[in-house]
Amino acid sequence: MTPWWQWQLRDPIIKTSFAVIGMGRFGSAVCKELVEAGAEVLAVDIDLKAIDAITQENLGLEARIVDCTDEEALRAAGVLELDVVVVAIGEPIEVSITATLIAKDSEGSRVKQVIARASSDLHEKMLKRVGADRVVFPSRMQGQRLGRELVRPNLLERLRLDASNSIEEIRVPKSFVGCSLRDLNLRKNYRVNVLAVGPAEQLTVNPPASHILLEDDLLVVMGVTDDLEALPWR
């Protein structure tokens with residue numbers, strides 16, 4: 001029988017696969033953002049009510065009841081077969097640390113990155129000691145924003161102007177490097193307006209069409225949020 005992670009999305013928009021452990025507000029927000037971007041997501045929680053709640057959202061993800069402190073249970077659920085694991089549990093601290101350690105160090109694990117939620121500075125230190133690649137604080141970074149960053153790694157900042165429009169600061173996608181703004185014609189091809197471009201410390205506001213984009217440049221663009229999200233990210 002083919003495991004679910006091999007057949008659920010045969011041609012996902014986002015090639016990276018994700019497991020999110022913990023379906024509280026933070027974990028649920030991460031899941032929603034990832035699924036909306038077209039990513040393959042496995043939601044995990046030990047609590048039946050939490051799994052029922054995320055399932056009733058009809059997001060199109062796989063949701064399973066799993067004890068995240070049990071290595072074999074995580075393996076059987078397919079968590080250790082995925083690319084990125086987000087440990088969205090804040091407390092109990094020992095549960096989040098154990099889940100992080102299992103995702104990082106289990107024999108045969110295919111996990112490439114573990115991102116863990118911390119509830120204190122001490123918690124952060126402990127997570128890093130057991131191998132967390134990145135530690136986030138929900139008070140500093142909401143789940144929705146983390147989800148956006150995971151599927152759009154070149155997105156640095158977003159300012160929502162209203163319900164439909166935003167300004168984004170992004171790293172120049174590799175496919176844009178060496179091209180002029182005239183060649184790219186972002187207004188026509190992507191329906192976004194370029195506000196500024198250049199190195200982080202020396203942005204050129206209202207740049208000329210002849211400006212050539214370089215590898216380390218930042219691009220500040222404005223438009224309808226859906227159009228901004230359609231910009232290439234690599």
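Backbone N, Cα and C atoms are what each Cβ position is placed from, and that goes for glycine too.
Mapped onto DSSP classes, the domain 'RCK N-terminal' (15-136) shows 52 helix, 27 strand, 43 coil. According to TrEMBL, the feature domain 'RCK N-terminal' maps to 15-136.
The feature domain 'RCK C-terminal' is assigned by TrEMBL to 154-234.
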The domain 'RCK C-terminal' (154-234), counted residue by residue under DSSP: helix, strand, coil: 16 helix, 31 strand, 34 coil
